[in-house]
Amino acid sequence: MTIPIQRVTVLGSTGSIGVSTLDVIARHPDRFEVFALSAATRVDEMLAQCQRFRPRFAVMASDAHAAQLADALRRHELGTQVLRGADALEQIAAHEQVDAVMAAIVGAAGLAPCLAAARAGKRLLLANKEALVVGGEFFLSAVREGGATLIPIDSEHSAIFQSLPEDPRTWSRRIDKIILTASGGPFRTRAPGTLCDVTPEQACAHPNWVMGRKISVDSATMMNKALEVIEARFLFGVTPDQLEVVIHPQSVIHSMVQFTDGSVIAQLGTPDMRVPIACGLAWPERIESGAQRLDFRQMAALEFEAPDDERFPGLSLAWDSLRAAPGTPAVLNAANEVAVEAFLARRLGFDRIHTVNLETLARVPASNPASLGDLLALDEAARACARQVVNQHAL
Ligand code: NAD
Ligand code: MG
């Protein structure tokens, strides 16, 4: 049987997920072709990716970076066309020649191109959880109306997706609850009173996963898990009460579904994002990912514990914001993006990230956003407020 080649756009190709995606694609030249790549600022990495994958388009965030890349491509006599800015991201996400879009931009900046891919009916591989947290029901209706196929790449959601029956119409009557696993990050056993002294280097040193800086900080506060609870609520249509988080330090079980008869189905694997990426690219087929296999004979115990509210106060904001007005997760996400950026710039203490999130949620009225314009306005209002709160608590 010959399989038609899938043409893939990778949004955020120079990041951790982007690089892993290209690694999987490179293993299957008979199945995938890179149509377009995008990056914010890393011109050298983008040039190397263009040399290797020969995409038709490469998008950079600014004029200056686009000009640098275009220059370099000319010197290397490569035919990739360089585009710039947010509109170009939507263009390469929705282009008629594209089959699949890997959404691996970090933050709400990835929402508009995700919506463009959804409306254009693409296979949308979603790593960019913030886009769904901000877009919520509005994002899902774009997927439905565009006839897109939304496949989660976040390892927990990929695990849940793989544990569920194929027909989504049966999910609501079969699912009892969804159990998201969390590693607990680098501070799982650190005394909560000492969290004010944490440095960006310590927060980014994750015990099990190598990831971008923003998600690494989110893993250390467990705001990553809060965003994932919200993400799961939208992806799988469950109520907030049906979502539970358990700490599992070994990151072998990537998440589980408990069904109405009490049976639990889990997905296991080594902590390597190429597994969910390969799963999403090939679904429902299975292809080589390049990841190491689990060796159960060498494995020590698998452990589980309840998350500690004092150490991880941000986790419960997921349920609070899902029970509040529909725009609330967007406000929480914006506040958290601003707070994490300030922490990484050493302007805010690690333990103040939660303060910024709480105070922004209290101050910004979350409406019921009905358009992309509404969502972006709410996102901007929350960022403006969060920046003020950061200034009040700045180091
Ligand atoms: P990263 O920081 O390594 O990479 C981010 C990519 O997005 C880079 O290519 C960067 O150039 C691009 N980018 C950043 N800001 C941009 C902007 N404003 N406009 C256009 N492009 C921009 O991040 P990552 O770790 O690869 O994570 C990407 C997304 O995937 C995040 O939403 C994260 O939560 C999610 N995710 C990551 C992992 C992981 O293991 N890294 C796991 C699960 C989910
Ligand atoms: Mg995850």
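Cβ coordinates are placed from backbone N, Cα and C, and glycine is handled just like the others.
Ala40 is the only one of Ala40, Ala100, Ala159, Ala191 that TrEMBL places in the NADPH site (with Thr14, Gly15, Ser16, Ile17, Asn128, Glu130, Gly212). Residues Ser155, Glu156, Ser183, His206, Ser219, Asn224, Lys225, Glu228 are recorded by TrEMBL as 1-deoxy-D-xylulose 5-phosphate binders, and the candidate that the same record lists for that site, out of Lys122, Lys129, is Lys129. Among the binding-site residues Gly15, Ala40, Asn128, His206, no residue has its Cβ under 6 Å from any atom of ligand 2. Mean predicted confidence for the domain '1-deoxy-D-xylulose 5-phosphate reductoisomerase C-terminal' (150-236): the pLDDT average there is 96. With every protein chain in view, the residue among the binding-site residues Ile17, Ala40 whose Cβ has the most Cβ partners within 10 Å turns out to be Ile17. By the rule that a residue counts when its Cβ sits under 6 Å from some atom of ligand 1, the binding-site residues Asp154, Glu156, Glu228 yield Asp154. Helix, strand and coil content of the domain 'DXP reductoisomerase C-terminal' (268-384), in residues and according to DSSP, is 58 helix, 2 strand, 57 coil. A Cα-Cα distance of 14 Å separates Ser16 (NADPH binding site) from His206 (1-deoxy-D-xylulose 5-phosphate binding site).
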